[in-house]
């Protein structure tokens, strides 16, 4: 009996040894595969880290209506991303809305300011326009907009409405209303599609966070626009991670205007207060902050007739001399900085002027790369 067992054992031993070798081989293969996968993951993570390190993330900050969204549109235009049909239709809807709402504001302001009509028959045009309501927030169709074009044209020609417009610092009126009303014959056509200039001047408050990605000399840029109204500012903190630079935008021409939110606070003072909070925040100690004093085209015109000294009594100089006003504006923001070791980079800009923004952003890009990305290796 024992001989039989020994014989069976000798027969089974090679089979067991082969199984052990196969198991060991499988384990070695699995280990090699695990090491390969680990190397692949490490390489992927390294590529992602390099990509994140190379990404230039620019945050656009500033009070409402300072020109952030217009600047972002310019980045799309300058870097070759055309607006598709859907976007053009949305801009058309926004432009119709800007015209109708702006004209209603002017009709209402004329009445409240006690300005008489030049032509009494325009009162019925005014009443027709004031009866317009779009409670559902639905887009205004071109055929519907055309019904209002005769009334809009007649009202815009009336000296009573023009006088109300000249006193627009006393109430809230969008800056693009004049441009659109001046171009009403073109915009009122049934087959109207917005031009690039129309798109730049279309005003719609930013809600939430809007991003735009583009590449310059193989360096990826991400530009982030966040709503500037007081109700939107709590969303700013969601965007602070990984910031390379902040472009802080100010409407330089609004020194005689108050906020839409409270109708008391001077708009320029509000911008200075926001800037002070941002520029002195420890989170941004190593972040370059570049000041854009925007709407230069409007500032040039306003300085001629509206004295900044009336609203800022500490102003020294000629209130109707552009260079004196510009110098004062830069000083106002510069005084808000506690860290005097870093320079304040600033530019006077006109966000609706593509060539101006192209030139300024070229300089800004160089500043950002020199100040914050000296370790970037261009491929």
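Glycine too: its Cβ is placed from the backbone N, Cα and C atoms.
Residue 69 (GTP binding site) falls within a helical segment according to DSSP. Per Swiss-Prot, the feature GTP binding site maps to 65-70, 200-203, 294-297, 351.
Swiss-Prot lists 69, 206 with the feature Mg(2+) binding site, giving similarity to another entry as the kind of evidence. Within the same chain, residues at least six positions away from residue 69 (GTP binding site) with a Cβ under 8 Å of its Cβ are 204, 206, 210, 225.
Residues or ranges marked as domain 'G-alpha' in Swiss-Prot: 54-379.
Look at Swiss-Prot and you will find 11 tagged as S-palmitoyl cysteine, backed by similarity to another entry.
Counted within 10 Å of its Cβ, the other Cβ atoms near residue 206 (Mg(2+) binding site) come to 18, all protein chains included. According to Swiss-Prot, the phosphothreonine annotation covers 206, on the basis of similarity to another entry.
Marked as region 'G1 motif' by Swiss-Prot: 57-70.
Residues or ranges marked as region 'G2 motif' by Swiss-Prot on the basis of sequence analysis: 198-206. Remote same-chain partners of the region 'G2 motif' (198-206), defined as residues 6 or more beyond its termini with a Cβ less than 8 Å from a stretch Cβ, comprise 64-65, 68-70, 73-74, 77, 83, 88, 91, 94-95, 97-98, 174-176, 179-180, 183, 187, 225-229, 232, 351-352, 354.
According to Swiss-Prot, the region 'G3 motif' annotation covers 221-230, on the basis of sequence analysis.
Positions annotated as region 'G4 motif' by Swiss-Prot: 290-297. Sequence-remote contacts of a segment are chain residues at least 6 beyond its ends whose Cβ falls under 8 Å from one of its Cβ atoms, and for the region 'G4 motif' (290-297) they are 62, 66-67, 71, 175, 245-254, 275, 326, 329-330, 333, 344-353, 356, 360, 364, 367-368.
As annotated by Swiss-Prot, region 'G5 motif' applies to 349-354, with the evidence given as sequence analysis. In the predicted model, residues of the region 'G5 motif' (349-354) average a pLDDT of 94.
Sorting the binding-site residues 296, 351 by the number of other Cβ atoms within 10 Å puts 351 first. Of all Cβ atoms in the protein chains displayed, 26 besides its own lie within 10 Å of the Cβ of residue 67 (GTP binding site). Residue 65 (GTP binding site) has a Cβ environment of 24 other Cβ atoms inside 10 Å.
Helix, strand and coil residue tallies for the region 'G4 motif' (290-297), in that order: 2 helix, 5 strand, 1 coil [DSSP].
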